[in-house]
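Going by TrEMBL, these are the annotated features:
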- 15-33: transmembrane segment (TRANSMEM)
- 16-61: domain 'DUF6533' (DOMAIN)
- 54-78: transmembrane segment (TRANSMEM)
- 90-116: transmembrane segment (TRANSMEM)
- 137-158: transmembrane segment (TRANSMEM)
- 189-211: transmembrane segment (TRANSMEM)
- 232-254: transmembrane segment (TRANSMEM)
- 260-283: transmembrane segment (TRANSMEM)
- 296-319: region 'Disordered' (REGION)
Amino acid sequence: MPSLNTVLDGLQLRGYISVASVVAVFYDYVLTFSREVDLIWGRSWSMMSTLFIAARYLGLVLTTCHGLSAAVSVLAMSQPVSHSTFTKSLWLFGLTNRCVAVTQFLAWGGSVYLFLTQAIMIIRITVMFDCPKRMAYILSFLYSLVVIDSLITEFLWIGPHSDFIVSTVSLAGDTICTAKSGRGNVFPVYGGIPEAIFDLLILALSLYRFAVHSIETRRILGRTKVNVYMRLLLEHSVLYFVLIIINKGLGVWIHLSSSMLYVALASLYCATVPFMLFPRLVLSFKGHRSESGGLSVGSDIQRSHSRSHSHSASSGSPSCEEYRFIDIISPGRLPQGSKKGGPEIV
């Protein structure tokens, strides 16, 4: 059983780390804002742009809310005990109903953020296939089932009739909020199994499509020459899978661990890395595509394949390889006669 001083030191450490996470996320936002303006706000709007903006600024709001609540706790514990400090702490964060609001907002907001990022990854995976629209329908249907399962799990975990209890506890003259669910700490683990399976499916599809693409290029060219966009999409899929698994694992262990230091470090990761790295993945891909000018980089396979099938080129119809990447180039670069035009989505 940890002593009172240990608990207070752990809470204060977690508060300081939460404030540091807010500073880190906003500093990264300032560093990448110019690229965001150039690659997102300065271009025509698309589904991908809308999803990116929603995820980007929802992440900032979640980080701010998490850091602000922790900052108030640190402020309360660092001040001398007095009626005015106690009243101010209660008004800002300590009231039970405000604790419930903050806790539920962070939980539901975090779920929505994951839904948005997963939707972006689904769109990216679909353009790796020959029939992206069909694959998009299939993955969207499967992920809608995952979303329903996640919402049910979240509702049973912290919903109105979930026995979720938020109470105030007095420690050394300060009042803090404690939250406890009546369903046990391992309940979210079972609810997260469908999400983990879907994440694994997305990774497997990207690996499969990359392997098929490598085999096709080797068969046509006699050597392996991978399209640069295929490589980037695979790298981002693998990185996203690793990040999301680590994030979910740490999120579960936060509820199971009794070490305040571990909880503080896990909270630092969960409150910074997802909100910093994922926007950078989207901006880096868009920046690379903008600098390379569409399919000109790593597209030797298409030119070689077009020369060996001159009748397809003369008819103005793009090859299968071109169809696979039509949705990641700008509408102005679409081949004449193509019916797959539309706004860029990657």
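Using the three backbone atoms N, Cα and C, a Cβ is placed for every residue, glycine included.
Across the domain 'DUF6533' (16-61), the DSSP tally of helix, strand and coil residues reads 41 helix, 0 strand, 5 coil.
For the transmembrane segment (232-254), the list of distant contacts is 114, 117, 121, 124-125, 127-128, 186, 188-189, 192, 195-196, 199-200, 202-203, 206-207, 210, 262-263, 266-267, 269-270, 273-274, 277-278, 281, 285, 288: same-chain residues at least six beyond its ends, Cβ to Cβ under 8 Å. Against the transmembrane segment (137-158), the recorded stretches 15-33, 189-211, 260-283 differ in Cβ pairs under 8 Å, and the greatest number is found for 189-211. Computed over the domain 'DUF6533' (16-61), the whole-number mean pLDDT of the model equals 90.
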